[in-house]
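Features as listed in TrEMBL:
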type	residues	note
ACT_SITE	Glu125	active site, proton donor
ACT_SITE	Asp261	active site
ACT_SITE	Glu354	active site, proton donor
ACT_SITE	Glu375	active site
BINDING	Thr477	Ca(2+) binding site
COMPBIAS	501-511	compositional bias 'Basic and acidic residues'
REGION	495-521	region 'Disordered'
SIGNAL	1-23	signal peptide
Amino acid sequence: MFNYSYNHVLFVFLLIQVSLSTATTTSYIPSIYTPTDDQKDRLKQDVKDMFYHSYDGYLNNAFPMDELKPISCSGSNTFGEYALTFIDSLDTLALMGNMSEFKRGVDWIIDHTNFDTNKTVSVFETNIRVLGGLLSSHLLAEILLKPTYKGELLDKALDLGNRLLPAFDTPTGIPYGAVNLKYGVPINETTITCTAAAGTFSLEFGILSKLTGKSEFEKAARKSIKSIWEFRSELDLLGNHIDIVDGEWTIKESGIGTGIDSFFEYLFKSAIYFDDQEYMDIFLASYKAIIKHVKKESWYVDVSLNKGAIIWPIYNSLQSFWPGLQSMFGQVEDAMGTIKAFHSVWRRYGFTPEGYNLISGQVQHGQKGYPLRPELVESLYYLYQTNKDPLFVKMAKDMVWTLNNVTKVECGHANIKDVESHSLDDKMESFFLSETCKYLYLLFSTTSTIQDNNNVGDSDDSDDGDWFKKLNIIFNTEGHIFPMQYRFFEKSTDSSNNINSKEKENADKENIQQQQQQVGDSKKVKEFEWICKPMPYLRTISSGPFQFIGGYQETEWYEDKKILDAIAEFK
């Protein structure tokens, strides 16, 4: 019975304890690199300086536009003209202890943000970045800005949620990819969306329902996930792009990266956050299918939906979240092998390209960029919380060095246009501040970021966000902090609430271990690129030596043809 009590057990703490017990039974060997607390503090300060260089650059040159152009020291409105980077950065400010700036940001959003505009936006991106940012800042403001804060950000979040909800009015319940904030779904809007864009709402919509008592948000998110899952193949695999009208897969490729990644992340996190058995059941079935069909040694590839044949032997940078998810689930040994493989690509180029061909051992044509993505350091953070191996500190240190020495420009940090030449692009994604800097900062923290203590202290400025160490939290896929609200999960008829906290903690650990044992060793109008990143072209692999050829056809995977590790062995 999947029946967690959250009055005493932080989900991350619980999962990390399970991961620790898993790690001790493997052949895992810790790194000999051992940084001192002073060294980690200096690295944390480097990250803090990196954050403020770009945050100040945004405020001075782009605010209130959505994004910073750090090379030209200007701004651009790339989303909905709602100060995207500002909203995305607020909980990082709170984490770093800058309560005065956090309060200023909250007050500005309350006074100036208006979603009643004739703007067509990505439902997915607006949900994870803006709605997620508003909900996170609201929950933190309730804790950190008492008694002056009166819940105004929740009103903003509800208004925005209501404007996103029309996208879910489809025959399948799978949402459109875009919606006009004032008028609803545009006429002739494409009916094609990707799996991630359709199935990454359960956290934000679920929390919004819990906070407002309006169940329509949680129901919409759940219906979309269940509909996508109903269209899975007989192998329990999901395709990459789907028609929201009839459920037909328009790109019949399955993997864990671009176009599908956060669907799996939200299944697991929502199962934990809301004590939801249905989400956990879907996650377990998906996880088993991925390990069986998509995993090839330490790498993951794209396979055909119906046969599991390899058609796209590429490591793409969005896959990098996976080892972190595995570590939360206690699959530490698998996660260790994969994070080493992924990080070795970073070591080779200084960054992870959007696509790396596992057969040629080269950056994939057309996928040479690195837009300051956080997924690799996110996994390093989770794994470091799992076993405190200083190897992950060293890996993250490498990342800080290249970020500061290559991407830093006058007004911020710039995207990498080409990881081979290290040429730059005049763009800085908002998630650089909301995720990349946040996970690096947390990884270098010298004290545990996880404690079971609800006394969060005052809201004065400090050198560090001490309150974070005393909260039970989960991150959304944009890195936004969602504190656990115990009142969400109260069940007066649940007799298990009567057992003491230690017994409950042990029961919960045993329950997760049992779940682990089940996994063993889802056309018509051109889509917007910012909704679902389009696949570069149709491709397949010949049955002989691996090579790309034109057209599309499913080919069989022969067990004796393993993907070769085309890069230097990680040492």
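Backbone N, Cα and C define each Cβ position, glycine as well.
Features as recorded by TrEMBL, highlighted on the structure.
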residue : record                    : DSSP (3 states)
Glu125  : active site, proton donor : helix
Asp261  : active site               : helix
Glu354  : active site, proton donor : coil
Glu375  : active site               : helix
Thr477  : Ca(2+) binding site       : coil
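For the pair Glu354 (active site, proton donor) and Asp261 (active site), the Cα-Cα distance reads 14 Å.
A distance of 10 Å separates the Cα atom of Glu125 (active site, proton donor) from that of Thr477 (Ca(2+) binding site).
In this structure the C-alpha atoms belonging to Glu375 (active site) and Thr477 (Ca(2+) binding site) are separated by 9 Å. Comparing Asp261 (active site) with Thr477 (Ca(2+) binding site), their Cα atoms are 10 Å apart once rounded.
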